[in-house]
Amino acid sequence: LQDQFDNLEKHTQWGIDVLEKYIKFVKERTEIELSYAKQLRNLSKKYQPKKNSKEEEEYRYTSTRAFLATLNEMNDYAGQHEVISENMTSLITGELTRYVQELKQERKSHFHDGRKAQQHIETCWKQLEASKRRFERDCKEADRAQQYFEKMDADINVTKADVEKARQQAQLRHQMAEDSKAEYSSTLQKFNSEQHDHYYTHIPNIFQKIQEMEERRIVRIGESMKTFAEVDRQVIPIIGKCLDEITKAAESIDHKNDSQLVIEAFKSGFEPPGDIDFEDFTQPMKRTISESSLSNSRGDGKYEPKFGGKSKGKLWPFIKKNKGAGPEDFSHLPPEQRRKKLQQKVDELNKDIQKEMDQRDALTKMKDVYIKNPQMGDAASVDQRLAELGQNIEKLRLEVQKFEGWLAEVEGRLPMRTEQARRQSGLYEAQNTSAVNSCAQDRESPDGSYTEEQSQETEMKVPATDFDDEFDDEEPLPTIGTCKALYTFEGQNEGTISVAEGEMLYVIEEDKGDGWTRIRRNEDEEGYVPTSYVEVYLDKNAKGA
């Protein structure tokens, strides 16, 4: 290829262009990997449950926990694509970019040497041509001088001096021709030697270096392609683990467990309603007055007890219709839900008490250190904080006792509770400060949880409710009808009255839309029961009045 110097120069430039094109390709691949990883991370973050939101509660189900595990694994999956991008950038893009710069410098050096050799042989060729033309010219001049001398020598009219002069001139030209011949011969030999070295030594060496350079470029791009594949292959095991974890999370879904959680979350604690008694309209006293205010209120949509329907009249006997967050004692919730909320509140308060006690213990130790080493600090400086902690602990204990009382009341109402536990439910309501402290300590187990040890010292009453003001200094109300208890109701709050299923009682105040009817058993016993728990028969005269 000694005569293809220009073509080799173009080819090697094309090889560098191919290498730069491959670098650009890998660079765009790394950008795609980064973009993909970023999108995966954003996707995972978008569907992560928000802190302190309702979504966090939903993740107690195995299906939603599996989804959360999938989101976490997708985050790790995205990280592996970031690793691909980083490795390709460092192992391929960075390395090849440096190599291209070195390659360009090496190529420039080789072709510079080649051009220099070309210029040298061209210079030798020009020298040879000049020597050749000079030799040719001198030979022609010598021939002309010889012919002139011979002409002069043959002419009898020419003087001997002119002939001698012509002879000397011919000899001079002949000598010049001989010198030119010797110079031409020497230059030719030198050119032939230079040409031989050029085509058999210099140019082959340069072309060999160019060939080695080109082969290294080809090998390097092949190695880069292998690295390209290897970078992907290295993360395949980790990506496989991510996918295995997603599969494992999917297999951990337990439909039975999720169904049980739904049951535990929404069960109310009420027993199903009993059978409906036959209404005998042949007896005037037990005739149901369809035009009564109770029926009207049901017809108006204020209260509509339906068996098996959507109405919550019989399954949810609330004291009042609550709006917003609900009362502090969670009385707006069904018994089972209320019990869970109260237990949760008690646990939270016990944790707060433990934190406050830990702080108090720490400050007490600090105070002891200050007393023993006054130079370290003033012991009196922590007294105020200790007093505050003591007050906080006292308040929290009062709160615990209050919620434990409500909890005991609810547990006494649940169907599976024993009579003894039900009797205990009234022991933890209203009390004075000293009683609160002693009771809170007696009923608190070593781990801070609630216990059901019955106090034998004090029999405490249920705290006053919204009904207190309705019974103070009231005159007995007249009877406006009768009612029959459809279900057993245990009145725990003050203002309510317990009734047994099938019991007949007197109605002294009908439902005013809040779901409660006021009844009387005898002159000393009266109170409210859920309207859905009784069948009311109003007197005509009472209705007219």
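Numbers here mean position along the shown chain, with the first residue as 1.
From the backbone N, Cα and C atoms, a Cβ is placed for every residue, glycine too.
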Listed range which TrEMBL flags as region 'Disordered', given the options 110-148, 188-226, 422-460: 422-460
Expected hit for coiled coil in TrEMBL across 53-84, 149-180 is 149-180
DSSP composition of the domain 'REM-1' (332-409), residue counts helix/strand/coil, works out to 72 helix, 0 strand, 6 coil
